[in-house]
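Summarising the annotation, Swiss-Prot assigns active site to SER110, HIS253. What Swiss-Prot records for 38-260 is domain 'AB hydrolase-1', and it gives sequence analysis as the kind of evidence.
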Amino acid sequence: EIIPVPDQAAWNASKKSIQINDAIKMRYVEWGNPSGDPVLLLHGYTDTSRAFSSLAPFLSKDKRYLALDLRGHGGTSIPKCCYYVSDFAEDVSDFIDKMGLHNTTVIGHSMGSMTAGVLASIHPDKVSRLVLISTALKTGPVLEWVYDTVLQKDFPLDDPSEFAKEWVAAPGKHDNGMAKNLKTEELAVPKHVWLSAARGFSIINWTAASKYLTAKTLILWGNQNQPMTESMQNDIRAALPKAKFIQYNGFGHSMFWEDPEMVAKDLNEFLK
């Protein structure tokens, strides 16, 4: 029995939860074929599983899709500490164990892609296929700017998009229902999570770790992407020479919001 993709209104109500370790009860949305190979979807900085909601209907129906809320985001536990990429990655590793998943594909966007890459490098046995959307081995100056700006803000935020347009308000033809709901969920992310995750990014450089990665890998990048530059793509392609690389001309950081059908076509081809 295929599990349907929840619509925008039902997205949060459809979340399931599982205690993955002492600190974290993780919330996730599941759709697709429950007996298919698992595909985990990891969202970006201050997003939630909803980031994949407009892409979901275009993905092939034969896989079991699990879109996670990472720690501190969405409905998942919000510990005081810690929010390094390795913490997100170990949570996903614990989720894979607790759910008893095998032959797992991990798709990550932005922060989620770095999480996916670190997971596949540190636990190569747990990830059979890897998709890195708008990724990098280390982050650039955009994050310092976000950090400095968040530091001066009063929380709760009333509108993050005035300063975090790069992340929050990806320009394009994205699903307005998804964008509106996602913005509300981003506003709910506590200040310590915004700041801790941003500090965590500043220490990440998984170039050396990437040599342990064995998963078949696909990298997706839009050439209008401001946070993740072309030189960052050259670096990761040098580190992962076997990876397939697809460039979307005229698309930005969240190209799967701008044209979900286009991106789903490439994902479905890779997941075959």
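Cβ coordinates come from backbone N, Cα and C, glycine included.
In the three-state DSSP scheme, SER110 (active site) is classed as coil. On the backbone, the CA of SER110 (active site) and the CA of HIS253 (active site) stand 8 Å apart. Counting every protein chain shown, 27 other Cβ atoms lie within 10 Å of the Cβ of SER110 (active site). All protein chains shown were included, and the count of other CB atoms within 10 Å of the CB of HIS253 (active site) stands at 25. In the three-state DSSP scheme, HIS253 (active site) falls into the coil class.
Model confidence over the domain 'AB hydrolase-1' (38-260) is summarised by a mean pLDDT of 92.
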